[in-house]
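> Dumping the structure here so I can ask a few things about it.
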Amino acid sequence: MGEKSLRKRKGEDKGREDGRSIQSHEPQTTNLQKQANPPPSLPSPRGHPPVGLISGICMIVGTIIGSGIFVSPKSVLSNVGAVGPCLTIWAACGILATLGALCFAELGTMITKSGGEYPYLMEAFGPIPAFLFSWTSLLVTKPSSFAIICLSFAEYASAPFYPGCNPPQAVIKCLAAAAIVVITIVNSLSVKLGSYLQNFLTAAKMIIVTIIIVSGIVLLAQGKTENFKDSFEDSKISVSSISLAFYNGLWAYDGWNQLNYITEELKNPYRNLPLSIIIGIPLVTVCYVLINISYFTVMTSTELLQSQAVAVTFGDRVLYPASWIVPLFVAFSTIGSANGTCFTAGRLVYVAGREGHMLKVLSYISVKRLTPAPAIIFYGAIAIIYIIPGDINTLINYFSFAVWIFYGLTVLALIVMRFTRKELQRPIRIPIIIPVIVTLVSILLVLAPIITAPELAYLYCVLFILSGLIVYVLFVHFKFNWPQKISKPITMHLQMLLEVVPAEEVTE
């Protein structure tokens, strides 16, 4: 990742509070070297030119727009039943994402430690909720996100080969698993190759979004508005249906909190962080609403629900004989999102292993390639497990349920610290009504599907999150090390096979 291999930092991480803000102090150990030119959708590393307002806006837009807008429209519509409520949900999801991001903006400038939600939960509620967040992220939300994106890629990549019918589930799942394997190998072998791939695929993503929006505007100008008449007729509105529709819509907006991971790299963060949010997320919202309007210009609600790949159907009707452009570029977009997800989440597994929250072997790095190969392979293996039993909609509901538990808890932490940590300076101070609204909506999103349409998947998710308490007590609090001993033979084989060693053994 750059010219040099690794840097060894010496000393101890002393962490201090100066009454102004809680400052970030990186663990002083050997780390993976940081990329000089990261992919556009990834945080800019410390030590390089600060990220300005334009870069911040581009990072938000590039991170959020991925596979969701090509997968979720059908799911949102199926839950609310009509065009009008569907477009309303997409706009409301954008508003909620903007409000949530503003809450995170205050947290990010008040507590400048890295790690996203983890340090905020730690400061407000202590180590146990923070650990449960990292536990859930590593084994539920991150791998399931990877699996959803690769399943989306598989649907669009296989759709042209099965015209007029749905591709077999076996084909979709095998193709998704193959995508996970390829992305895992690429990111294990070379950071530079993964970076180049990300740059290319991000450009492809913006091309297909532009094509769909411009085509829709042209069709509207030609008078293709019949599908918008009586747009609220036959809608099926209930607390449960709205919550599930929000789950699918908010999946497409996931990534709205990405700038919190690079607060220290932002130029004038107290100005540029809220401005990037206020400009970037509404821009994505406008794009998403326009893309959905474009879909409805050529498809009725029934036709959209019957489509296996919505954007492919749109391309077949609007861009023929060049309709192959749509599935190709959508596949590029989804595989780009998967590549970026693997890049960042692999590092999360690596750090968890280094901090003792996962097996030590997951903190090993490749001597030759300077990548956290064991962590990336572990992450890919978990994602493949999620592909085997689930479909996209089930995984999105599972993912959204888990992630909004912690989004809500993190925003609640902001409210709590208004009373318990009054001494901290808040360069960005939002009206208290905003975190209250986001917290209440989060509670509604989490509880409504359980109360109105209970499913065992939600129970399993809660039980899995709570099982982290057992892991915390045994392996973090009491520091039982028998899993490390049991995994020692595996570690030795991995060291020989992948040429990996503990980070502290690698010098410059």
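Each Cβ is built from the backbone N, Cα and C atoms, and glycine gets one as well.
TrEMBL feature annotations, pasted as is:
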COMPBIAS  1-20  compositional bias 'Basic and acidic residues'
REGION    1-46  region 'Disordered'
COMPBIAS  21-36  compositional bias 'Polar residues'
COMPBIAS  37-46  compositional bias 'Pro residues'
TRANSMEM  51-70  transmembrane segment
TRANSMEM  82-108  transmembrane segment
TRANSMEM  120-140  transmembrane segment
TRANSMEM  170-191  transmembrane segment
TRANSMEM  203-221  transmembrane segment
TRANSMEM  275-298  transmembrane segment
TRANSMEM  324-350  transmembrane segment
TRANSMEM  370-389  transmembrane segment
TRANSMEM  395-416  transmembrane segment
TRANSMEM  428-451  transmembrane segment
TRANSMEM  457-478  transmembrane segment
> Can you see whether the transmembrane segment (457-478) and the transmembrane segment (370-389) are touching - at least 3 CB pairs under 8 angstroms, only pairs 6 or more apart in sequence?
no
> Counting Cβ pairs closer than 8 Å, which of 170-191, 203-221, 275-298, 395-416, 428-451 has the most of them with the transmembrane segment (51-70)?
275-298
> Quick one: do the transmembrane segment (275-298) and the transmembrane segment (395-416) have at least 3 Cβ pairs under 8 Å, skipping pairs fewer than 6 apart in sequence?
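Contact criterion not met.
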> Which residues of the chain, 6 or more past the ends of the transmembrane segment (203-221), have a CB below 8 A from one of its CBs?
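62, 65-66, 69, 287, 290-291, 293-295, 297-298, 311, 314, 318-319, 325-326, 329-330, 332-333, 336-337.
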> Mind checking which residues of the chain, 6+ beyond the ends of the transmembrane segment (170-191), have their Cβ under 8 Å from one of its Cβ atoms?
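Distal contacts: 1, 35, 146-147, 150-151, 153-155, 157-158, 197, 335, 338-339, 342-343, 346, 366, 369-371, 373, 376-377, 379-380, 383-384, 387-388, 498.
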> Mind checking which residues of the chain, 6+ beyond the ends of the transmembrane segment (82-108), have their Cβ under 8 Å from one of its Cβ atoms?
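Sequence-distant neighbours of the transmembrane segment (82-108): 64, 73, 76, 120, 227-228, 231-237, 242, 245-246, 249-250, 252-253, 256-257, 259-260, 263, 269, 273-274, 277-278, 281-282, 284-285, 288-289, 292-293, 296, 301, 407, 410-411, 413-414, 426, 428-430, 434-435, 437-438, 441.
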